[in-house]
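Peer 1: Got a structure here, written out as structure tokens. Questions coming.
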Amino acid sequence: MSPMARTAPVPAATDPAIIRNFCIIAHIDHGKSTLADRMLQYTGVVKQRDMKAQYLDRMDIERERGITIKSQAVRMPWELDGNSYALNMIDTPGHVDFTYEVSRSLAACEGAVLLVDAAQGIEAQTLANLYLAMENNLTIIPVLNKIDLPAAQPEKYAAELANLIGGDPEDVLKVSGKTGVGVEALLDKIVRDLPAPVGDPNAPARAMIFDSVYDTYRGVVTYVRVVDGMLHPRERIQMMSTRATHELLEIGVSSPEPTPSKGLGVGEVGYLITGVKDVRQSKVGDTVTNLAKPASESLSGYADAKPMVFSGLYPLDGTDYPVLRDALEKLMLNDAALVYEPETSAALGFGFRVGFLGLLHLEITRERLEREYNLDLISTAPNVEYEVTLEDKKVIHVTNPSEYPTGKISEVREPMVSATILAPNEFVGSIMELCQSRRGQMRGMDYLSEDRVELRYWIPLAEIVFDFFDLLKSKTRGYASLDWKADGEQVADLVKVDILLQGEQVDAFSAITHRDKAYAYGVMMTGKLRELIPRQQFEVPIQAAIGSRIIARESIRAIRKDVLAKCYGGDITRKRKLLEKQKEGKKRMKMVGRVEVPQEAFIAALTTDESKDKAKK
């Protein structure tokens, strides 16, 4: 068995020289959580009988989807050459939506284990996280995982990794998180190669928050990394960005179950409990200091998480509105990036406009609402935030098509992203075609090896939030991977397309789209509604319009009764009289008639295909 530390170093009395803080960065599905499981087992912090797969992923959704959403920090003892060391492993999310959380986790470390699947090679998020690690000046240990797979090509990818970060292919460690091969060698290498944390134990306390989780019984549990000074229980602490003060009720380390300690010293990673009930009180990236002896300046790199994608969430059953409100409030306790405000739609009733970090964040939030609170929800098509400047120089921020101003508009700005796409080189043509059709501008292209290409595009966020990723996967047989980050904005020719039913606007179907795509959207939506709305006694025109200009039209034909059925033969004038009378009646009906759009039509027209399948079940 492994050389576990016989006497684990005690928190608060640990010399920073024997501490090693590291995180594991990898693309989704490259075996990060499995490797973490093996480390927990080999260092002896989790007993063999308590071991379960993905030990650190606590949420059901995390386990089911096999993704990590919240960061976790674990303290593990390890012994090398007769000396005991304390290793702090910080598990990070791998998905692009949670990049800010990853960057804060990286800032809490001195080193990173760059994990790459030996059967799949380097992917877009591996690169994105690697660049983040390099920006934070971390020491990087390259590791190939899953070498037990029959499809593994360790030699090929070791050369690719060495080429990417500089170094020798021989230095790339080969491990298997599943069987445990090479994990001890990796732990030894972490102790040997990673630098110890540096800080001043006598300076005022400064600790960086890299995650905060809401616990039903204890309130908010804040995970911190101490940079300078010491933190002790029962002290009063202050958050430097909000200036809020709290009493430290409990302080300790996770290994991996929470273990209270007498304090935390320089370089140590642990948790704080202050009894606060709202996660927004302890923001990721903020600095914690001692109220009695506060630090003069906070640690750099703090930023507010900014929502990128907005969507309306409406309960199918209007009476569930209060339940949805409470559910969103509770989720906000655990997710500082979630923002919402109430909104009403003439068509869908009362609901909320919710802001998310990205599509995965939207999907997970919606799934948690449906699963944990038994809600049935309709979500409208995702939108981004546009900045509309009117001719009188007034600026309006629009996240919902119904807020789009009708007056004279001088310009509309839309958010842009830098997208990095990695794919085998045979798909370059179809990827370029897709990006150009989405108004992307090419920024560069590099060959990582003879058969893998990195494409860089500057592309509007609105074009990638809906179905871009699905199309990219289908065009590349699932081989491409995508990573993006917000990158400025541009002036664009955007218009609001309204859908009119018998001359009346239906707010739920309006969309903000590029002028070139407006016609296609109008034709698609009018066609869809023609199929979905039941026929009436009179003809119903469905029109798509930009302002007052109609760009597309479909008609739902009237149902008519055969008024001539009772005439057997007889004079033509008699028949004409009956037909004229029917025509008059239809005309009158059309003047006063209202078209009721059934709920099913709304759901079918608004949902993407994936949620449609859900609705069928």
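Heads up, the Cβ atoms here are built off N, Cα and C, so glycines get one too.
Annotated GTP binding site per Swiss-Prot: ASP29, HIS30, GLY31, LYS32, SER33, THR34, ASN145, LYS146, ILE147, ASP148, in sequence order. Taken from Swiss-Prot, the feature domain 'tr-type G' applies to 17-198.
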Peer 1: Average the pLDDT scores across the domain 'tr-type G' (17-198) and report the rounded value.
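Peer 2: Taking every residue of the domain 'tr-type G' (17-198) together, the mean pLDDT is 75.
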Peer 1: Please list residues from the chain of GLY31 (GTP binding site) whose Cβ is under 8 angstroms from its Cβ, counting only those at least six apart in sequence.
Peer 2: LEU115, ASP117, ASN145, LYS146, GLY177, LYS178
Peer 1: Looking only at ASP29, HIS30, GLY31, LYS32, SER33, THR34, ASN145, LYS146, ILE147, ASP148, the residues listed as binding GTP, what is the longest Cα to Cα distance in Å?
Peer 2: 17
Peer 1: To which of the binding-site residues SER33, ASN145 does the lowest count of other Cβ atoms within 10 Å belong?
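Peer 2: Per-residue Cβ counts within 10 Å for the binding-site residues SER33, ASN145 bottom out at SER33.
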Peer 1: Same chain only, sequence gap of 6 or more: which residues have a CB within under 8 Å of the CB of ILE147 (GTP binding site)?
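Peer 2: In sequence order, the residues whose Cβ lies under 8 Å from that of ILE147 (GTP binding site) (at least 6 apart) are ALA118, PRO154, LYS174, VAL175, SER176, VAL181, GLY182.
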